[in-house]
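See below for the structure under consideration.
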C-alpha cells in the first residue's frame with residue numbers, strides 16, 4: 001500500500017478531464033464516496049484533496065485490505081501451538097550467564113563502534129496520548145532529579161559510548177543516530193532537538209526521517225474521510241521502517257558513512273542501552289544478520305510476544321496466539337519452554353536491510369488494528385467515535401525475522417534493560433514505574449562501585465533498593481553502565497534521605513553539587 005508524507009505544497013486544481021478520470025477510478029475501486037463533499041471545497045482545497053487521493057494506489061489499498069482481512073479470518077481463533085518450536089539453545093546468548101564471553105562481546109562491540117561501523121535507529125513515531133500529553137513520547141519527563149527527558153537520556157548515552165570507544169581504541173568515532181518519526185511527531189521532535197542543540201551531538205549525525213501514512217478504512221474497506229477534503233490517515237506501524245528506509249535513501253546514507261551494523265529500538269524504554277557494545281559484539285561474533293534482545297517472561301500469562309520458530313522461520317508470536325497449556329509448558333530445569341519475551345530491541349546488518357528492502361519489503365504482512373477513528377458523518381460534521389469504527393493497517397518491525405537464516409537472540413536482565421513507558425498514572429509501565437526502574441538501576445550501580453547508603457539511624461542499607469525510597473540518579477554522561485563510578489563513589493556513604501544526582505565533570509561546572517550530604521570524602 002502506498003501512502004504519503006505531509007509535505008505542504010500547492011498543487012494545481014484538476015481539470016474537468018482530471019476529475020472525470022478520478023471519478024472513474026474511484027468508482028472502479030468502490031471509493032467514489034470520497035468526492036461526496038467535493039463541491040463544498042474551494043479551489044485550493046480541491047487541488048490538495050485531488051493530490052491526496054491521487055497519491056494512493058487504490059488497487060493496492062483494496063488488495064491489502066482484502067488479503068489482510070482474509071488472512072485474519074482464516075486464522076480467527078486459531079492457536080499456533082503445533083506450529084511453534086522454542087529457539088535452539090545454541091542460538092541464544094545470556095548476559096547473566098555469559099561469564100568470560102561478556103568481555104569478548106563487549107570488546108568486539110566497542111571495536112566496531114570505534115571503527116564507525118555502528119549506528120542506532122530510533123522508532124519515534126508514537127505520541128504520548130496514553131500518557132495524557134499531546135507531544136512525542138521522547139519529550140516526556142518522568143520526574144528524575146535532573147529533569148531529563150527520554151530523548152536527552154538517549155542522546156547522552158550515545159555521547160558517553162562514543163567516549164568509551166575512544167578510550168578503548170584511541171580513535172575518535174561517531175555513532176550516527178537515525179530517528180524515524182511520524183507525521184504527528186516529526187515537527188515537535190525536530191524543534192526539540194534543535195532547541196536543545198542536539199544534546200551535545202553534531203546536527204549532521206542526527207538524521208530525522210518520516211514514515212509513511214496510509215488511509216484508515218471502515219470495516220468494509222472504504223477509505224475514511226477525516227474532513228470533507230481530507231483523508232483519514234495513520235502511520236503504517238513500526239514495520240513501516242523498511243519502506244521509509246527506501247523512500248528516504250537511509251540505507252545509502254548508512255553505506256556512505258561506513259555503517260555496517262544497526263541497533264533498532266523503541267523510544268519508550270527508559271533503560272535502553274543504545275548501540276549496546278555487548279549486543280552488537282554478540283551478534284557480530286555470531287555473524288548474525290538479525291538479532292533480538294529478550295527478557296525471560298516473568299510468568300506464563302505475561303502478555304508479551306515470544307521469540308521462537310514458527311513453521312520453520314524465526315518469528316515473534318503474540319501471547320494471544322498460543323494456548324495457556326503451551327504458555328505454561330516448562331523445560332526439565334523448571335524454566336518456561338517459551339520464555340524469550342520480545343522487548344522491541346533489535347540488531348540488523350546494513351547488508352541484510354538493503355537486501356530485504358530491495359527484494360522483500362512488499363511481502364511484509366499487514367496486521368489489523370481496530371481503532372476509534374475521527375471521521376465525517378452524513379452531515380459533513382467531524383465526529384470522534386466512542387467505540388472502534390474502523391481499522392488501521394500496520395506492519396511490525398520484527399516480521400523481517402522470517403527472511404533471515406542468520407539469527408541470534410540475547411537474553412538480558414529485565415531490571416537492567418527494560419522498563420517501557422506506556423500508561424498514565426502510577427501502575428505498570430507508567431512514569432512512576434519507569435522512573436523507579438532507572439533510579440533502582442543507578443542505585444545498584446553505585447553499590448557495585450563501592451558506594452554505600454545509610455538511613456537516618458546510621459544503618460547501612462541492603463544492596464537492593466527494597467523500599468523504592470532512595471532517589472539516586474547517575475548521569476549518562478558520567479557512566480553508560482556503571483563504569484568509572486568507583487572513582488566517584490568508592491568508600492563513600494550517601495544519606496538515603498537525600499536526593500542524589502551524580503553528574504559528569506562537564507555538568508558539574510554548570511550545575512549544583514552532586515549530593516547534599518556525603519560522608520567519607
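Yeah, the Cβs are placed from backbone N, Cα and C, and that goes for glycine too.
Residues 499-521 are the range that TrEMBL records as region 'Disordered', among 476-498, 499-521. Within the set 72-98, 99-125, 126-152, the record from TrEMBL flags 72-98 under the feature region 'Disordered'. Residues 308-311, 315, 317, 321-323, 325-326, 338, 368 of the same chain lie 6+ residues outside the compositional bias 'Basic and acidic residues' (72-85) yet bring a C-beta within less than 8 angstroms of a C-beta in it.
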